[in-house]
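One structure below.
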Amino acid sequence: MIKGVVNKIFGTKNDREIKRYQKRVAKINALEPKYEKLTDEELKKAFNELRQKVKSGQMSMDEALEDSFAITREASKRVLGMRHYDVQLIGGMVLHEGKIAEMKTGEGKTLVATLAVALNAMTDEGVHVVTVNDYLAKRDATEMGKLYEFLGYSTGCITSEIQDDQERKKQYQCDITYGTNNEFGFDYLRDNMKYSLDEIVQRGHNFAIVDEVDSILIDEARTPLIISGPTNRKLDNYVKADQIAKQLEKDKHFTVDEKDRVILLTQEGIAKAEELFGVENLYSLENAILAHHLDQALKANYLFQKDVDYVVRDGEVIIVDEFTGRLSEGRRFSEGLHQALEAKEGVPIQEESQTLADITFQNYFRLYKKLAGMTGTAQTEATEFSEIYGLEVISIPTNRPVIRKDLDDLIFKTEKEKFDAVVKKIKELHQKGQPVLVGTTSIEKNELLHKLLKKEKIPHAVLNAKHHEKEAEIIAQAGRKGAVTVATNMAGRGVDIKIDDEVRELGGLFILGTERHESRRIDNQLRGRAGRQGDPGASQFFLSLEDNLLRIFGGDRIKNIMNRLGIEEGEHIESKMVTRAVEKAQKRVENMHFESRKHILEYDDVANEQRKTIYKFRQELLNPEYDIASKIRENRAEVVEELLSQSEIFPETPKDDFNLEKLSKVIQEELGTKIGVEEMKDKEYDELKNFLIERLEKEYEEKMGQLEEEQRREIERILYLQVLDNAWREHLYQMDILKTGIGLRGYNQKDPLVEYKKESFNLFMELVNRIKKEAIKTLHLIELRNEQEEEEIRRLEEELAKMEAQIAQEAVMQHGEEVKTEPVITKKKPARNEPCPCGSGKKYKHCCGKSGPKKGILAAANG
């Protein structure tokens, strides 16, 4: 209440920010006459002079903002025939400051982005504009590219159609690059699998503007991007697990928690599964794979629905994106879930894959020095944007007031009654000539409504993942008189639905929602399709107690209200109280998802630090100037120490107790070098260690000395990279296993997150030691051919080319299964003067707190 009074007197923080921006808008408007007078050539020259000042550091971007915005607006008037409104100038400033601009549908977000893009591209470090699909990326790059070209910029566009790396690289070299979140993310992962700097396509992460930022940074945050390849761990138990899952009875053998999407076997279920598998203990170590298969088979059969979560087409299971309703072709669920769905549907089961590289959108977008976003709906998730990405949400006023009427929800007892009422309402609107856009939450419901409308002979267009090719065209026509469009929640974001004067007279576009989504934001997006730029319009949701949201999260309370009111079949209730109860249920789901995403990030942050360390070292290895010789010397000394301890020889061991026979054998087995016991006799620990290091180095130098310096360095780098990549892939597999089983630690009164951090750190240290040891072993065992010094390099390069081609051919880009994790535990960041958690022994402020790991691990690479 006090907050409300304060806001009335002083205005909200958002109001104060808007006032601050309005002062600068006045200054930009004051510059308009000055730039209007200039010829095209003079205008281009003025912008180029401004750009050079920013590029050379004579002027900051913020100092150049007013002139840059004024010139960009003038150029837009001339090239595109569009003048930026004052509210669009505010939007541009919000984006430039690295915030999220919440702008209603039809307020011209695409044009707003040009202001911040043109200003931020002045540093020549590249600007990425991220959209939700290839169609929008191509459309915006083509349309806005004309404006950028006038200003002297080059514009590129990355789509899934561009397969050639050099062509992709060319697009990234442009001043401004448009593309989808998937393409940017996968290019980053692929770049970190390359064996030459020339093949890397991206050129850093300077500034990104994310269009439909809520969809990309929130809806898709729970599904990681994964590049996977075939694994030799081929398993053929999917069909068996599917047969068993189908024989188990719900509630008797297992319980289903739809709220958390979890299935748990009962004691009776475990006994039945053990009997059917023919094993004594389903949860013993040797049967862990069977238990995992059964878990995935149960999920596939009882949590995943055909035509809702996936479709079957041409003998393939294709994922339906739950947020956009589009088919995610080429993507596969991970951890054997996709194979379980294939077994369920009786289609050919494709080989299980192994993760080669993965990252979440949360961690990919946090790579950018500056990040900004635009959307029509962000305030409901303002807390999440702030906590996870450090992004503030600013609501931009509309250019014209919104006059759309948002009517109260109508609630029916059954789904059948609801759809009968929906068809009746559509018929009524169609006869009147008022266009209606009907929103459904799944393909299944979409097609059900399609059949009902067909039966009533109501002409209509259908838009879902199965008919998405003409998406933009269908949506653009949805505002015509008498048009009826039935769409899943993909609903053509980014495409305006325009109406004419006749339709305005009829009341504008009518939005009819057939079910509430789990997120209020997606409902608001649907409402926002109507009433753009001050147009009339209306929106209303028709619900039933059988809808998923009400059934799982809040049906009982509403059911009681309906029973008390004595609602008969076919009747509905329409009340503010019920609408509030529905919103309460949505808030509960949103909070649950927020906690889940936050928790996933805590887990992924552990893997992310490891990923950054490995990728940083990989980048160093790719640099031809990298001092690989020092790295090999350093690793050799560490490997010698390990071989000594392997032979039970330690600094405190008396020299007479040294097991030199074992040491001699270990050195020959591991490094292929024969050193006799006599040569090592009568030496103290340090003397013996130094003798071995020198002897191994001498032999290695004699062998590699045959090569020219450049050839030698190339062989060493390539071999080191191969060892690193193989070890990293194996590590990712181990991490997957760890993540799958870590939740069980909670039953042992242990915090799963703390345990995960501990175990993953141990795995990472093992990885680091394995890389060092394997690299030294490989380099010492390599045999050079005498005929021609270049032969070895040629052989390695051919092998490498084959390997890369194989990875490219076999790798599958996919979204992982939505990750489910344990309850949230807050992670405390170390204080500046505390010891660094990486184990370097330094204070946090002098180590990782400064600029990433410095010591030990792989960071000693420059030694």
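Cβ atoms here come from the backbone N, Cα and C positions, even for glycine.
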Pick from ASP420, ASP496, ASP500, ASP501: which one does Swiss-Prot list with GLN88, GLY106, GLU107, GLY108, LYS109, THR110 for the same ATP site? ASP496
Which stretch does Swiss-Prot mark as region 'Disordered', out of 518-542, 818-842? 818-842
Express in Å, rounded to the nearest integer, the largest CA to CA distance found among the ATP-binding residues GLN88, GLY106, GLU107, GLY108, LYS109, THR110, ASP496 named in the record. 17
In three-state terms from DSSP, label GLU107 (ATP binding site) for me. coil
Are there any residues at least 6 positions away along the chain from GLY106 (ATP binding site) with a Cβ closer than 8 Å to its Cβ? List them or say none. ASP496, ARG532, GLN533, ASP535
According to DSSP, folded down to helix, strand and coil, what is GLN88 (ATP binding site)? helix
Measure the Cβ-based neighbour count of GLN88 (ATP binding site), defined as the other Cβ atoms within 10 Å of its Cβ. 26
In chain order, residues whose C-beta lies under 8 angstroms from the C-beta of LYS109 (ATP binding site), counting only those at least six residues away in the same chain, are GLY91, ALA101, MET103, ASP211, MET374, THR375, GLY376
DSSP three-state call for ASP496 (ATP binding site): helix, strand or coil? coil
Least Cβ-crowded entry, counting other Cβ within 10 Å, from the binding-site residues listed as GLU107, ASP496: ASP496
Excluding its own, the Cβ atoms lying within 10 Å of the Cβ of GLY108 (ATP binding site) add up to 19
